[in-house]
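Enquirer: Following this message is one structure expressed as structure tokens.
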Amino acid sequence: SVAGIVLVAINPYEQLPIYGEDIINAYSGQNMGDMDPHIFAVAEEAYKQMARDERNQSIIVSGESGAGKTVSAKYAMRYFATVSGSASEANVEEKVLASNPIMESIGNAKTTRNDNSSRFGKYIEIGFDKRYRIIGANMRTYLLEKSRVVFQAEEERNYHIFYQLCASAALPEFKTLRLGMKFKFILL
């Protein structure tokens, strides 16, 4: 395998007007280096090489907690959906990430740096047809931080799901789970 372009991005912790459809259209069809560095430039290069070489491409999004990895992946998926003509099919990136709230409750926790920090990795595989239109996607998770169930550093807490279950313990639909004092004791 050959390493390609490296983009260093910083999470501004606010919405910026640099991810709209007009920006996607500006990057579409451009050669790397013709435009400013951007997640769309990386996505365009991967898309172009996939179509030209008919080979799978990978974009690795890495960074610390709160760096904006999920958002960057979402923007790349939006780019693929738009340039491939799949965007009209009910926001492909939204469909792929539709399971995210459930995944976050089970796999996200409060850390000292981030109130909603993912404690697992995600591998998102996007399938394209012969015309390079998105036909589906699969998201897998890995490396769930098991130690967080029984231990957390000061000012951190374990997975959100435990707190959500406790907050819902009195609801009729949760009676069969028998969430009582024993369960609450484990959380303390």
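Residue positions begin at 1 at the first shown residue.
Just so it is clear, glycine is given a Cβ too, placed from its N, Cα and C backbone atoms.
Relevant sequence annotations retrieved from TrEMBL are reproduced here:
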{"type": "BINDING", "residues": "G63, E64, S65, G66, A67, G68, K69, T70", "note": "ATP binding site"}
{"type": "DOMAIN", "residues": "1-188", "note": "domain 'Myosin motor'"}
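Where in this structure would I find these features, and how exposed are they?
Expert: Neighbour count (other Cβ atoms within 10 Å of the Cβ, all protein chains): 11 for E64 (ATP binding site).
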Enquirer: Compute the mean position of the Cβ atoms of G63, E64, S65, G66, A67, G68, K69, T70, which form the recorded ATP site, and then list in sequence order the other residues of that chain whose Cβ is within 8 Å of it.
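Expert: Sorted by sequence, the hits are N11, N114.
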Enquirer: Determine the Cβ neighbour count for G63 (ATP binding site): the number of other Cβ atoms within 10 Å of its Cβ.
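Expert: Neighbour count, Cβ to Cβ under the 10 Å cut-off: 13.
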Enquirer: Name the residue among the binding-site residues G66, G68 whose Cβ has the smallest number of other Cβ atoms within 10 Å.
Expert: G66
Enquirer: Around the C-beta of K69 (ATP binding site), how many further C-beta atoms are within 10 angstroms, looking at every protein chain?
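Expert: Other Cβ atoms found within 10 Å: 19.
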